[in-house]
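Participant: Grabbed the feature section from Swiss-Prot, which reads as follows:
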type	residues	note
BINDING	29, 30, 31, 32, 85, 86, 87, 88, 98, 99, 100, 101, 125	substrate binding site
ACT_SITE	107	active site, proton acceptor
């Protein structure tokens, strides 16, 4: 049986085949993207592609630069041809939860801006409903985070925790906190997102709804391509 890393590696050729010529790429955050970056850098070098990357986190931008990938800021580009990113969950409608790496706001900005958004996952990320195996991240202002937590818990039977890293509150690249929400089955993601995004102090949610054009899945039986 292949482990999770092996399943992710299986997907990379299908991703790389979509990169060509002169493109502006949105480069996501997470373990899958860290596996993809070295192969992407090699492809760009071997084929002489004129690729510019726009990164969703400071960590990924640093890694990309180290590998020789040309990087620019989001405000320096007018469009993104292709965004490539991982996901924490994917449901049957190709709606996803992201934000396990804490970069959900920048990921959403870049993924929404892209002409095409491709998601790369292993089969453990495929679920029947959002929140089945992964908590929904919500990026919030540090000033009133606890009051937001209480309001989220009052919406339904939801357990909310402020994310910590080695006993210290996790801080996003935007200087905010992350609240991780354990969702019960039956929560409507569209309605819940609307509730959250209108709470004062909520920066963004980890719901990426109606955004993915294609999901590439590494499975024990091989690579599966999911499209709407």
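The backbone N, Cα and C atoms fix where each Cβ goes, glycine too.
Note that the structure is a prediction, hence the values are computed from the model and not measured.
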Participant: Measure from the CA atom of the residue listed as 'active site, proton acceptor' to the CA atom of residue 125 (substrate binding site) and give the result in Å, rounded to a whole number.
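Facilitator: Checking the Cα atoms of residue 125 (substrate binding site) and the residue listed as 'active site, proton acceptor' gives a distance of 18 Å.
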Participant: What kind of secondary structure is residue 87 (substrate binding site) part of, going by DSSP in three states?
Facilitator: coil
Participant: Can you list the residues of the same chain, besides 29, 30, 31, 32, 85, 86, 87, 88, 98, 99, 100, 101, 125, whose Cβ falls within 8 Å of the substrate site's Cβ centroid?
Facilitator: 28, 33
Participant: The record lists 29, 30, 31, 32, 85, 86, 87, 88, 98, 99, 100, 101, 125 as binding substrate. What's the largest Cα to Cα distance among them, in Å, rounded to a whole number?
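Facilitator: Farthest-apart Cα atoms in 29, 30, 31, 32, 85, 86, 87, 88, 98, 99, 100, 101, 125 are separated by 16 Å.
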Participant: Same-chain residues six or more away whose CB lies under 8 A from the CB of residue 31 (substrate binding site)?
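Facilitator: Sequence-distant Cβ neighbours: 5, 8, 86.
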Participant: Using all protein chains in view, find how many other C-beta atoms are within 10 Å of the C-beta of residue 125 (substrate binding site).
Facilitator: 23
